[in-house]
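Feature annotations, reproduced from TrEMBL:
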- 13-57: domain 'EGF-like' (DOMAIN)
- C47-C56: disulfide bond (DISULFID)
- 59-92: domain 'EGF-like' (DOMAIN)
- C82-C91: disulfide bond (DISULFID)
Amino acid sequence: YVHGSLCEKLNYTQKPCESNPCYNQGLCSPIVSSKDLSNQKDFVCLCPARHVGRLCQENVGECSCLNGGTCYRSNEGYKCVCPMLFTGPFCEHDLRNTTFCTHSPCQH
C-alpha cells in the first residue's frame with residue numbers, strides 16, 4: 001500500500017514502481033542500494049517537460065522559474081537563471097537536499 005504526505009512510502013513487499021507513483025506520465029525508476037541489490041524501497045520520477053516535483057505533480061509553464069529563479073528569453077526559447085544552491089531547467093532542484101550521487105550511479 002502507499003502512504004505518506006505525497007503517497008510515496010511503500011510497504012516492504014511492494015516494488016517501488018509497481019503502483020505507478022509518478023504523475024503526468026513521469027517515468028518511475030527504482031533506486032537500488034549498492035550494498036543490497038535486492039533492496040528497492042525508493043524511487044525517482046523522471047518528469048516530462050514542464051513538470052517538476054518528487055512525483056512530477058507540479059505543472060510549470062513555459063517560463064515558470066521556481067525558487068527565485070529569473071526567466072530570460074533566448075533564441076532557443078525561455079531559460080531560467082537559478083539562484084545559488086538551485087539547479088534544473090526550472091530551478092526545481094535544491095542542491096542542499098540532493099541525493100544525485102548517493103547511490104553511486106556515476107562510475108568516475
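Positions of Cβ are set from backbone N, Cα and C atoms, glycine also.
Overlay of TrEMBL annotations on the structure.
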residue: C47; record: disulfide bond; DSSP class: coil
residue: C56; record: disulfide bond; DSSP class: coil
residue: C82; record: disulfide bond; DSSP class: coil
residue: C91; record: disulfide bond; DSSP class: coil
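Sequence-distant contacts of the domain 'EGF-like' (59-92), counting only residues of its own chain at least 6 positions beyond either end whose CB sits under 8 Å from a CB of the stretch, comprise 24, 50-53.
Comparing Cβ neighbour counts within 10 Å across the disulfide-bonded residues C47, C82, the minimum falls on C82. Residue environment of C91 (disulfide bond) contains 23 other Cβ atoms, counted within 10 Å of its Cβ in all protein chains. In this structure, the C-alpha atom of C56 (disulfide bond) lies 14 angstrom from that of C91 (disulfide bond). Between C47 (disulfide bond) and C82 (disulfide bond), the C-alpha separation comes to 19 Å.
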